[in-house]
Amino acid sequence: MSPNIDNPAYLLTLLTGGLTNGVLYALVALAIVLVYKTTSHINLAQGEMATLGAFCVFELTRHGVNVWLAIAIALVLSFFFGAGLERGLIRPLERRGVFPVILATLALFLIINAGVAIIWGTQPVAPPRPFPSGIDDKIDLIGGAPPFFITHVSLGVLAVLVVLLLGLWLLLEKTKLGLGYRAVAANREAAEVMGIPVGRMYMFGWGIAAALGTLAAALVAETAGALDFNSMGVILIFGLAAATLGGIDSVPGAAVGGLALGLVMAVVPGLFTVIEGDLSLVIALLVVLVVLLVRPQGLFGTKTLERV
């Protein structure tokens with residue numbers, strides 16, 4: 001047991017760190033869910049597509065573009081890249097079954113990973129900094145040893161999730177585009193009968209997912225202080241775990257699952273010193289397995305009924 005377990009500042013620091021990481025997991029989980037809701041596919045290349053988007057931000061800022069403008073441009077490019085992949089590659093393969101789609105996303109994973117390594121190298125680079133990240137860029141809340149403070153990066157990352165969730169809710173619930181997307185996600189055949197352009201909704205889901213992944217990768221690089229061709233490999237695993245925990249077809253569940261996973265992975269090794277950081281991943285995945293045994297559809301997922 002940690003000797004600082006009775007120190008409020010220490011506990012709050014653990015919670016803040018866990019929430020910050022949880023936001024990153026939630027963003028990736030959201031991307032996974034948005035693709036799965038309409039197509040019932042898991043995009044294994046989601047992390048590498050995100051890394052490519054983050055390197056686009058890096059390249060733009062290296063040529064003098066403002067970091068926020070660079071992120072906006074990268075998000076737009078990522079959207080069209082994701083939508084184009086769905087239209088040009090995934091949809092033709094989907095007619096041949098699930099397995100070809102899985103192989104295609106795995107191939108994309110390898111191709112993009114190798115391409116990023118060839119173009120930008122295998123050594124980490126200094127990432128763009130959308131939020132102030134100096135040693136003094138923090139807000140002190142509780143003094144003592146250890147003190148409790150919140151960095152501007154943590155505040156910024158948390159603010160991004162809040163704004164993003166609000167934006168997604170407005171988009172999916174208050175627009176015709178969102179209505180069409182939800183209709184396709186609920187019942188593809190019925191949506192086709194109603195005249196909803198199902199193909200466009202598929203492209204929309206893949207495009208939004210790609211843009212979310214790019215945003216997540218940019219924030220991962222910000223918090224880690226480095227960007228390389230493998231930046232999103234482990235984060236994709238966490239995102240898959242978060243999506244599974246919250247419900248693979250639930251947007252709110254993805255957010256809750258990501259935050260919960262981040263908290264578990266921060267608090268458990270922080271309170272129990274015998275548990276190292278790598279082992280905390282095992283514990284987090286065990287929590288996911290326990291939840292799935294009790295509730296196979298996840299915390300907020302839709303329960304499927306099979307009739308025989």
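Each residue, glycine too, has its Cβ placed from N, Cα and C.
Note that TrEMBL annotation is computational and uncurated.
Distant neighbours of the transmembrane segment (12-36): 42-43, 46-47, 50, 141-142, 146, 148, 150, 153-154, 157-158, 160-161, 164, 168, 205-206, 208-210, 212-213, 215-216, 219-220, 223, 232, 235-236, 238-243, 246-251, 253-267, 270-271; these residues of the same chain sit at least 6 beyond its ends, with a Cβ under 8 Å from one of its Cβ atoms. Taken from TrEMBL, the feature transmembrane segment applies to 12-36 (among others).
Here TrEMBL flags 67-85 (among others) as transmembrane segment.
Sequence-distant neighbours of the transmembrane segment (97-120) (same chain, 6+ residues past either end, Cβ-Cβ under 8 Å): 41-45, 47-49, 51-52, 55, 58, 85, 89-90, 229-230. Per TrEMBL, the feature transmembrane segment maps to 97-120 (among others).
The transmembrane segment annotation in TrEMBL covers 149-172 (among others).
For the transmembrane segment (201-221), same-chain residues at least 6 beyond its ends with a Cβ under 8 Å from one of its own Cβ atoms are 23-24, 27-28, 30-32, 34-35, 37-39, 43, 46-47, 49-54, 56-58, 71, 74-76, 78-83, 85-87, 90-91, 127-128, 130, 157, 160, 164, 177, 180-181, 183-184, 191, 227, 231-232, 235, 239. Look at TrEMBL and you will find 201-221 (among others) tagged as transmembrane segment.
Summarising the annotation, TrEMBL assigns transmembrane segment to 227-248 (among others).
Marked as transmembrane segment by TrEMBL: 255-275 (among others).
Residues or ranges marked as transmembrane segment in TrEMBL: 281-300 (among others). Non-local neighbours of the transmembrane segment (281-300) in the same chain are 238, 241, 243-248, 250, 252-253, 256-257, 261, 264-265, 268, 275; each lies 6+ residues outside the stretch with a CB under 8 Å from one of its CB atoms.
With a cut-off of 8 Å between Cβ atoms, the residues of this chain six or more beyond the transmembrane segment (149-172) that come close are 16-17, 19-20, 23-24, 26-27, 30, 130-133, 137-142, 178, 181-182, 212, 215, 219, 222-223, 251, 255.
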